[in-house]
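> Mind looking over this structure? Questions follow.
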Amino acid sequence: MAARWVAVAILAMAGLGFWSGRQDWGWAGVSLGLGGLLIAWPGMRLAIWHARVPFAFTVTGVAALTVPEQVRHMIAGTEGAVQFILLAAAVFLLGVVCWFWGRWSLNLARDAALLPPGPATGRRRPGHEPSRSWAWLPRLLALAPAIAALIAILSSRDLMRDGQLLVLAALVLGVAVALFALAWRRRRHAGQVLKPSLWNRVMLHDELWPWTGGRPSGWRGWARLAWASAPLTPWAPAVLALLTLAVSVLVWTGAGPMLWWSQTVGPLPNALAGMSGLMTLLAPAAGLMAAQRWPALLLLGLWVAGSAAANINTAIRVSGEMARPPQRPSLAEAAREWLESCAEPATGNRVRVVLAGASGGASRAALWSAAVLRELEQQGVDPARHLFAVSGVSGGALGAAGYVASLAEAGIGCGTPAEGGAAKPAPARFDRLHQALGADFLSPTLAGLFSGDAMWRILGPVSAALTSAGIVPLERTQWLERSWEGALGEQGIPMNRGLAASTFGAEHPSRPRLPLLFTTGTRIEDGRLVLTAPVADPLRDEAGQPRDCGRHATGCAAIPGAVDAMRALGSDLPFTVAVSNSARFPYVTAPGLLRGPDAGAPDQGQVVDGGYADNLGTGALAAAIRALDAAHRDLRVTAGHRLQGTTLHVFVVQAWSDPGRVLRNADGTSRVLVPRCGVAVPAPTLVEPPSPLDFLLSPFGALVKVRGEASVSGAAFLREGFCGQQEGRDYFAFTLGPDAGGRSAPLNWVLPEAARGSILEAGLAGFPCSGNQTERARFLAAWNGQEAPEPRPPEPGCATPP
């Protein structure tokens, strides 16, 4: 008993450490205190061992609800009474499942006489607990999800309206009360004094029919014991297991209204319900193996990991209608075609051309890039005459692709009137695009992760055998693609069309319909860029004739040294696949396998998020600028050509989607860590001291954090080359930041309503300290050939430090 009090004292000191700001001592105290409690509490230690699978799932669920920042934003993105109720129901389901399998595991260990004899636990007759710990552990497992959900809800209060917060907290508090009644009060109020009715059979299965047969022998004996050890009727988990398998089949095949259902339910209920189903399938097998004194977790790990290379379902999707190598011109040919057919000399004999880049950042990047492109059109940029290329990465690729696809749907092409033919008016076109990009894309992805891919991996050799027979299910990235197609397709935006087929006209397949779309990913094996684009640069022999590159994707891309995704896959690709090739961010989505059409040919690597290599798409923009310069140098000296004697004025516009680049200081000043013309980039402030998790997860943390720094380094060379270094070069950067209330848009595939409103505010004015208004005025002046305006005074509370 004294040892327990010492452990409690250590935990109290850990709390003091956190309170005083010494997180290092706080974490050390937590570790030592919890370890001391387990050492001094043999009954709890033994209970955790026998209930290790539900205990591990519960700890994982609690960590998933309380640690990631994205969970706060998922809760803030919960909208409507249906999603509120379903979120509470999912928390209740997870609590019941954690309690059920914890109680079942301990009942199995108790009634099968698995406990070692001795004074610490003693060998008790069946139907009684070896120690009070065995009653407490399942109760703690039952309440843990509700407590974690309450913590997550309260930590999201700055992102939600007060009414939403109170309703959601009240619902989850009601769930906690119900779980308390189930785990603590169930036996006292519905004990054996009641008649053995159907309700008692459901609620008091272990109390009404205790096992008295001792340690069983044979699989039938173990099956009878497993059935008798259930704290509720065993039909309840059996039904849940069948429902889990049925949902998995629907997710694998894409049958039924899974896309609609997952978005109706919401992201967090999808994840919690998926965890409940996985535990229901894993816990019985692990518990029975542990009861046989087999290494349960090791065997499960071998079952799953041994088949990991044989049940791969992550090959990049290629549509049967597009499964042919598309005919594409080179980037140089596309640049010349744009100058000859699209460019329009302006006052002063200038040929103005815009190249736009959109950084990564999930839904916030998609919506922000579309908002910046809308602002460019409102400032006079005609996409049919001024916009040559749009480069997007990750979420920015979705905004860029949606914008280019909306131009194609509206009939806006090279040299056509901006709103000609059957095109919709620009406000209506952007309203439709913004509405689609603000949809919930996370819920289908999480349904694919928990109910699809996780279940497929758990099946191990079974899924490997199905894969070898040619039965390959949909994976979670394809569900993300389907959610894009569903949202944008409902608005009439053709995201499921082939990128090359939509770019080139049937009459002139070598002439591109501009603007061009570039999306870039990263190849895991060597870190190269993976380019998906409607142009390529075939190698040429000494005579200048194209040389066959075969299926070697490296070296034939429009960006030197990059991997050409279309060449590697031997196919045209839909807009949505072009986006996902740039937005595969493990583990929410899966790496994509570059698998060509030839049977038996070696795969050409795996693709992940493009932000790891180039989070602003700068490489594609630089290649496009070089191609335009080379083509214009030739045309401007061609006698009689309409561009003879003109100058090329290149406007590079980048949409930054990291609110962390705008820092608010304690004295009310702000720092904008974005390279811009005429503004010195302030040095970043000191980072917080690392926590133990930072040390443990440093490889993952470095990969995530390098995205922002790569953006800075990628933009730096554009800033150096385009800010006053030579005539006809201008660079502009528009960035997200904290809104007027100090809230930042989350890095997620679902956005709260307030974040969507700030991003889409007219004139890019939703982030007062980001300097976007000054940048907007500077762009308008440069576009119209005027002197740069005086810098605008900072917004109140946004002064720049001296």
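The chain as shown is numbered from 1 upward.
Using the three backbone atoms N, Cα and C, a Cβ is placed for every residue, glycine included.
What TrEMBL says about a protein is an automatic prediction, not a curated fact.
Feature table excerpt (TrEMBL):
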- 80-102: transmembrane segment (TRANSMEM)
- 134-153: transmembrane segment (TRANSMEM)
- 165-184: transmembrane segment (TRANSMEM)
- 235-260: transmembrane segment (TRANSMEM)
- 272-291: transmembrane segment (TRANSMEM)
- 297-316: transmembrane segment (TRANSMEM)
- 357-622: domain 'PNPLA' (DOMAIN)
- 392-396: motif 'GXSXG' (MOTIF)
- S394: active site, nucleophile (ACT_SITE)
- D609: active site, proton acceptor (ACT_SITE)
> Relative to the Cβ position of D609 (active site, proton acceptor), how many further Cβ atoms are located within 10 Å?
28
> Is it the case that the transmembrane segment (272-291) and the transmembrane segment (80-102) touch, counting contact as three or more CB pairs under 8 Å in which the residues of each pair are 6 or more positions apart?
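The answer is yes, given that the two segments have at least 3 Cβ pairs within the 8 Å cut-off.
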> Tell me the coarse DSSP state (helix, strand, coil) of the residue listed as 'active site, proton acceptor'.
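The residue listed as 'active site, proton acceptor' sits in coil per DSSP, no helix or strand.
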> In the motif 'GXSXG' (392-396), how many residues does DSSP put in helix, strand and coil?
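Tallied per class, the motif 'GXSXG' (392-396) gives 2 helix, 1 strand, 2 coil.
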> Tell me the Cα distance separating S394 (active site, nucleophile) from D609 (active site, proton acceptor), rounded to the nearest angstrom.
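So the alpha carbons of D609 (active site, proton acceptor) and S394 (active site, nucleophile) sit roughly 6 Å from each other.
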> What count of other C-beta atoms do you get within 10 angstroms of the C-beta of the residue listed as 'active site, nucleophile', across all chains shown?
31
> Using a Cβ cut-off of under 8 Å, list the residues of the same chain at least 6 residues beyond the transmembrane segment (134-153) that approach it.
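Same-chain residues near the transmembrane segment (134-153) but 6 or more away: 43-44, 47-48, 51, 54-55, 58, 61-62, 65-66, 71-72, 75, 87, 91-92, 94-96, 98-99, 102-103, 106, 110, 165, 168-169, 172-173, 175-176, 179-180, 182-184, 231, 272.
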